[in-house]
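Data first, discussion second: the structure below is written as structure tokens.
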Amino acid sequence: MGEGERFQLGTVGALTLSVVSSVSIVICNKALISSLGFTFATTLTSWHLLVTFCSLHVALKMKFFEHKPLDQTTVTGFGILNGISIGLLNLSLGFNSVGFYQMTKLAIIPCTVLLETLFLAKKFSRSIQIALLILLIGVGIATVTDVQLNALGSILSLLAVITTCVAQIMTNTIQKKFKVSSTQLLYQSCPYQSGTLLITGPFLDWFLTNQNVFAFKYTNQVLVFIIMSCLISVSVNFSTFLVIGKTSPVTYQVLGHLKTCLVLAFGYILLHDPFDWRNILGIFVALAGMVLYSYFCTREGQKKVAEEATQPPQAGEGESDPLVAVETGSGVGTDSAPQIGPFIASSISMALRSLVARKALRSGFQSEPRILARSRGLQTFSLPDLPYDYGALEPAISGEIMELHHKKHHQAYVTNYNKALEQLHDAIGKGDATAVVKLQSAIKFNGGGHVNHSIFWKNLTPISQGGGESPHSNLGWAIDMSFGSFDALVQKINTEGAALQGSGWVWLALDKELKKLVVETTANQDPLVTKGASLVPLLGIDVWEHAYYLQYKNVRPEYLKNIWKVINWKYASEVYEKEST
């Protein structure tokens, strides 16, 4: 099986792991609570999270994943909120009938849809809404029986729904915002989740059951089931974060209702639980809703990606990165502009100048960023020519992609960058500080797109001209010293590029300060200079979908595997020789 096929199975694997582990832990806990009388659900959950953290800590020490620091306030709040939501769900079950509790769980999906629509501007099509409605009706028919209302129980249920929705939305948004994996987020939030429940769990369980968890008689059989439950919980917690990170909070809730249907079916088939036509009808209706939801999500996802792959980039107004610093420096796009010193603008300017200044590397290349004179003394940039035909990189990269990528996408970056520079020039002349600040995202996005693509075209060359030939001499030796071997470098870049959330770039760079080679990733169109002034790009690979979708669809790893056949190591070696001396 190829790397691309394995990548396609990633989400399916996450969903399968979530279903299998969740159903397994329900079976285990049912035996523990119903048969053995261990009714301390909140305390048991705190043990689950503690064991999960310990397991992940061992995995970290064994280098199965890397630790990535996160904003401490965000992680603490997220972990505590997760713990509170679990406690509130247990209180909701304790103060309400089973039927009303099931209604509470059903309310999580529409609440999540509402919150994401209001606060994240996410849109759900009518088809998706209908599929979710069918699903909820089916689960309601299958699970909701008596519905008894009381004021306290209703308030607890409302709080449980809100905290659960917010916590699951945060699980998705934190992974994307901070570019962390599900494992990294789970590892850092587990101590706060388990701590919250370890403190409150015994009190909640005593309040709900009128029993003391510390006074319970722990037989060998009880201990065995507790250990089994804790071990299975590692997979449950991991797959929860994995599914939400790879899909969405709504999809995770849909998956949760599939688990409910499977548990009901399991209870009927193996445990001979009471079952009637209403349960059967509800399960089939729910399954129909799930199938429709999956179908519409897949269809709309493919349609969206296809549209994005053929749309030119915009001016970057949607970029969320703020102006992070202001310092005295050169103006943008001109050697004589006033010294306004926005950090992002000067970073782009320095990167562009470094490209233009490399006269020693111009021989044989016509793709240097060209700067044209303009009225009022303002310089602008133009689309560089390619040193090869659009179809010269086939079959690794199709001519259709290259033409679209170069003439449409790169041209759009150049056009929008020049427009932003002109607006910046006017804003400076008028002394409009607000307009200057507002233009920074467009300058960073489009200027970075121009810098990155100007490097990218030179990083590629046809096979007939040496494309794909392994690096030798000093660069080859440096790769062996930094990564162990050339194959190890390729694997690292492929892994980093495939794992990059959303759009961006993966780079091989020379760190002139540390005097070593490093692999870095940048989001969106951020140039490598934003990761550090000492980094010099030797090789940059575009992992935006417009770089590969028309040929490889959404299978980014397949694109990464094939692009090595047309990598121009001669250019990378020339840059390395110049910059390392």
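Backbone N, Cα and C define each Cβ position, glycine as well.
TrEMBL: automatically predicted annotations, no manual curation.
These figures come from a predicted structure and were not determined experimentally.
Here is what TrEMBL records for this protein:
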TRANSMEM  12-32  transmembrane segment
DOMAIN    21-294  domain 'Sugar phosphate transporter'
TRANSMEM  38-60  transmembrane segment
TRANSMEM  72-93  transmembrane segment
TRANSMEM  99-121  transmembrane segment
TRANSMEM  128-145  transmembrane segment
TRANSMEM  151-170  transmembrane segment
TRANSMEM  222-244  transmembrane segment
TRANSMEM  250-271  transmembrane segment
TRANSMEM  278-296  transmembrane segment
REGION    307-328  region 'Disordered'
DOMAIN    380-460  domain 'Manganese/iron superoxide dismutase N-terminal'
DOMAIN    472-574  domain 'Manganese/iron superoxide dismutase C-terminal'
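The stretches the transmembrane segment (151-170) and the transmembrane segment (99-121) are in mutual contact, each linked to the other by at least three Cβ pairs under 8 Å (pairs 6 or more apart in sequence). Assigned with DSSP, the residues of the domain 'Manganese/iron superoxide dismutase N-terminal' (380-460) fall into helix, strand and coil as follows: 61 helix, 4 strand, 16 coil. Comparing 12-32, 38-60, 99-121 for CB pairs under 8 angstroms to the transmembrane segment (222-244), the maximum falls on 12-32. Note on the transmembrane segment (12-32): residues 38, 41, 44, 222, 225-226, 228-229, 232-233, 235-236, 238-240, 242-243, 246-247, 252, 255-256, 258-259, 262-263, 266 of its chain, located 6 or more positions outside it, place their CB under 8 angstroms from a CB of the stretch.
When Cβ-Cβ distances below 8 Å are used as the criterion, the transmembrane segment (38-60) is approached by residues 29, 32, 66-67, 86-87, 90, 183, 186-187, 190-191, 193-194, 196-198, 200-202, 204-205, 209, 211, 213, 216, 222, 225-226, 229-231, 233-234, 236-238 of the same chain, each at least six residues removed from its ends. Listed as Cβ neighbours of the transmembrane segment (128-145) (distance under 8 Å, sequence separation of 6 or more from its ends, same chain) are residues 98-99, 102-103, 106, 109-110, 113, 250, 254, 257, 260-261, 264, 278-279, 281-290, 292-293, 295-297, 300. Remote same-chain residues near the transmembrane segment (72-93) are listed as 41-42, 45, 101, 104, 153, 156-157, 159-160, 163-164, 166-167, 170-171, 174, 178, 185, 188-197, 200-201, 204, 208 (criterion: CB distance under 8 Å, separation of at least six residues from the stretch ends). Shown for the domain 'Manganese/iron superoxide dismutase C-terminal' (472-574): DSSP residue counts in helix, strand and coil, namely 53 helix, 25 strand, 25 coil.
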